[in-house]
Amino acid sequence: MATVKSGESLAAERTVGAGGGAQSTSIVGPPRVPLNQIYALPAPIRTFPLPSFYPNNPISLLHLVYAWLKQVLSPPPAEPSVVYVGIWDPDTRSVHVVDPASIRALWEQGFYGKGSLSRSEPNWMKRELARRGSPEGKTVSEVRTEARREERRLAKWERAKTELEAVERQRLAEAAVQSSAVQQDASQSEVNSHLEEAQSTVTTKEDPVTPPIDVADIAPAPAIADIQHPSKEVPRQPGPPVGPAELLALPNSLADLVSKLSLSKTVPDGVSLSTPPNGHVAETGEASALPDNGEKGHPDPLDRSKPIFLPHGLPSPCFTPSKRSAGTPSAEADDEEIQPSKRQKSVRFSPRIESTVFQPAEPPSPSLTEESLPQPSPASKPDQLAVKHTEVEDKEHFQLSPEEAFFLVFALGALKVVDRETGTPIRTERLLSLFRSHSYFPPSASLRPNDPFLVNYAVYHHFRSLGWVPRHGIKFGVDWILYQRGPVFDHSEFGIMVMPSFSRWEEKPHDAPKRTWSWLMGVNRVLSHVLKSLVLVYVDIPPPLEFDDAMQEGGIAAALKKYRIREIMVRRWSSNRNR
């Protein structure tokens, strides 16, 4: 199986000159660690299961006894062996983790949380180092995804260009066939007219010796285009610019076009200038020389007040003024006249890029010139110049949603949430009350069994217990999305919509969410476009009295057992495809 190498493991080639020759050597970095090894643990706890026993294999019995005695005589440490620390932030309604080791552990052991400056995995520091050109920066998934999207965009551009060129060639071929057919019809009609005229002449004359006219002796009449231009080929109509280079080569304005034309001093053969009645300079096919002096009736082609237009109304990109001898009075006058107008749009780009990284603390330097730029010493190496860019402060923190944080605290015991002001740990019951109250906006003091946090946590706890990896699905318009292994292994397969149910309530609450068929069709259409299946998860919420009694008798675990969950998968049915 082929593995993709990261930026650090790619082969680095060096060229060493010895004895007047060049020798190329490649240095291969360490191999990339497999993803199955990095994300081996599905949860931030360790388990020690006993080996399987096979009755037909006596050796399996010995293995089982050995593992059991080992755990009894030398028990493993109590789990969770490591408890991470998070800070509750009521402003963002999330739990923040700032320790780098805790961040990597929570992400690699179950894909909990997300980076505050990243889409999912907290890799802002790596992307920033790579952007600044530091060798410590690594290529992350976002950069590779952007590169693949750019490749697909260029491939689509080339495919569209090829299709347009094929259509243009087909159109020209059809036009040529139609033109030849028209010419043949015209020639045949001319021959018939000559034949009829000859026959009428024969009948009117009384001389019987006049020989008959043979049709084969009559030459076909030439085409109209050949009569007007006997030695000129039919020019091909230029197509619209489709490539990036052709679009960038177009002039920005008429003044820019004339300024580009003024750089050349020659006129193509067979091209002359004439003045139409509207006062604009037009291009014709007659060969004529431009006068050196600005005589009346022959205006100066470099006059900025009169644009240059082709017969079809577009500015001519191939017009160049005539060449004049240097040193003549007319040439000096022309040099004075071809000064660019003040209204001309001029855009200049520096051929040298000084730096691609701009720091906010750097002052602007509009008067900076090449002479005033600090030149690096020849002895300095690129690695030494990039050292100052690697000293970057990590501004990203890790965010845990209330459902993820409470699962780590209540179900696994691998997280301890502390208060932001005092730094004291928050008890589980108090943390549940905070999450329930902050699930409303603004935070509400009246808590009920149908709190948004309790309903969503029941669904999250349900799928986490079954081995799925639930993540927030706001990007796809759903409450949760389910991964079979994790975001680094595959795409999510299902989109979850939480549907509260009040079947055991005597009276349905007035703030119960109402869903319509148009809403259902819209969500299903969005998920079908991203190759996901819609799953409606109905959460049967217990009545308030039943929930309060369970909280008093058995605590949080007994109260959560009162929630019942049912899953229904919704698929789009088509009469043509599902026949």
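Just so it is clear, glycine is given a Cβ too, placed from its N, Cα and C backbone atoms.
According to TrEMBL, the feature region 'Disordered' maps to 128-151, 180-215, 267-390. Residues or ranges marked as compositional bias 'Low complexity' in TrEMBL: 180-191. Feature annotation from TrEMBL assigns compositional bias 'Basic and acidic residues' to 293-306. The domain 'tRNA intron endonuclease catalytic' annotation in TrEMBL covers 453-540. Annotation comment: TrEMBL describes TYR483, HIS491, LYS532 as active site.
Shown for the compositional bias 'Low complexity' (180-191): DSSP residue counts in helix, strand and coil, namely 12 helix, 0 strand, 0 coil. HIS491 (active site) sits 9 Å from LYS532 (active site), taking the C-alpha atoms as the reference points. Neighbour density at the Cβ, taken as the number of other Cβ atoms within 10 Å, is lowest among the active-site residues HIS491, LYS532 for HIS491. Under 8 Å, Cβ to Cβ, and six or more positions away along its own chain, TYR483 (active site) finds PHE111, TRP468, VAL469, PRO470, ARG471, PHE489, ASP490, HIS491, SER492, GLU493. If you average pLDDT over the domain 'tRNA intron endonuclease catalytic' (453-540) in this model, you get 92. Within the domain 'tRNA intron endonuclease catalytic' (453-540), the DSSP-based counts of helix, strand and coil residues read 29 helix, 24 strand, 35 coil.
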